[in-house]
Every structure is written in structure tokens, then in C-alpha cells.
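Notes follow the structure.
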Amino acid sequence: MKKLLLIRHGESEANRNRILASRLPYPLTDAGRNDARLIAEELKSRTTPDRIISSPLVRALETAKEFAAVFNLPVSEDERIAEQDLGIYSGMNYDEVKREEHYEPDPLKRWDWVPAGGGESYSMIADRLLSFFRELEGDEKDETLLIVTHAVAFRIIRAILKNTLPLYEAPFPNNGEIWRVDFKRIGDCHNIDSIFLGDSRSFVHNP
């Protein structure tokens, strides 16, 4: 069985400035980087992962590298757990994007909504995330995996783990929040335990 520690990356410059980061290379803030290191050190007193897998986006990789330094592990990158590509809306702030005629403001109506300019619908994100979880399912090795990913990815991951697709919930974790899951197989309804370490103990509103 795979024990999964799914973590949302630390606070990024895009989070701080209320920007839709999408696939753009926004780094962590100093606070986000420091908090990632603190969370890693706190986590070490509870458990030790066997592997670290990260989205290849800068803010996720910078988070993963803080954990890698604490646990003395390499980081593997996997494009399938990257954030949603928002096409032409990438880099806009929340106020700007709400004025865009074809932007879908309701997160619960984005399953088939494809952002203009080469963006991804939630359905498309689900396809690549299901591929990732099928690979985990096919590997029977017992191990603990630390997986660093993103807000929208978490919406779909929750639905996969709860076996509700194409239905999903709008909330996503705080920066630095960890979800602990004993992963068995796709199609099962898994329990998800939230672990709040570091600054993730303090709720930060993400519109």
C-alpha cells in the first residue's frame, strides 16, 4: 500500500499578489520558502518519506527542495501533477480576470470549460491525474510518497480519492497543508486526513 503525503506548495509571489499563476514561473516568497523548511522539519518528527515527487513548476519545486534538504532525498518531477494551464488568463490578477467575458468564475462549472489560448478543462486535468494514480496503483511496493502539487490539482485529486468524478468540491488546501492518505486503488473511497504544520495552521483566503 502507498502512504501518500500530498502537500500544496508554499506561498508564492502569485499567491501574495492575488495572481492566477497557472504554469508561469512564480517563485516562493521568502515566507513560503521558510515555512516549507519549517513544515519539513516538523514532519520529520512524525514520519519519513521514501520518495519525493513534485510538479515541475517553480513554486512546487522550490517547496520540494526544502523537504529534500531535510530528508536527504532527491526530487522526481512529474508533469501530470502540475497546475491547470489557464491559457490567456495566466498571469492575470483576480480582479482583472473577473472582468473577462469568457472566464468561468464558478469553479464548479469548469469540468468542460476550456480556457482560451491552449488552456485545460478540469476534465483534461483529471485525465493526466488519473494516469498518475494508475501508475501508483500498478506499483505494489509499500512506501511513503511526498507529493508536491497545486490548488486546482487538489480539487481533482480529492475527487479521484473520494471516487466522485466528474463531481468535485471547490475548496482546496492552504499553502503548506498536507493531506495524508492510505492509497489502495482508483475506485475506492479513501479517507483524507489534513495535517497542519507551520503557517498552514493559519487560514489564508484564496478567492
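In case you wondered, yes, glycine gets a Cβ from its N, Cα and C as well.
Those TrEMBL annotations? Automatic predictions, nothing curated.
Substrate binding, as stated in TrEMBL, involves Arg8, His9, Gly10, Glu11, Ser12, Glu13, Ala14, Asn15; the candidate among Arg51, Arg59, Arg80, Arg99 given for that site is Arg59. Here the CA atom of Glu83 (active site, proton donor/acceptor) lies 13 Å from the CA atom of Ser12 (substrate binding site). Reduced to three states, the DSSP call for Arg8 (substrate binding site) is strand. Most other Cβ atoms within 10 A: among the recorded positions Arg8, His9, that distinction falls to His9. Under a cutoff of 8 A between CB atoms, and with a sequence separation of 6+ in the same chain, the neighbours of Gly10 (substrate binding site) are Leu28, Thr29, Ala31, Gly32, Arg33, Asp35, Ala36, Ile39, Arg59, Glu62, Thr63, Glu66, Asn175, Gly176. According to its DSSP assignment, Arg59 (substrate binding site) is helical.
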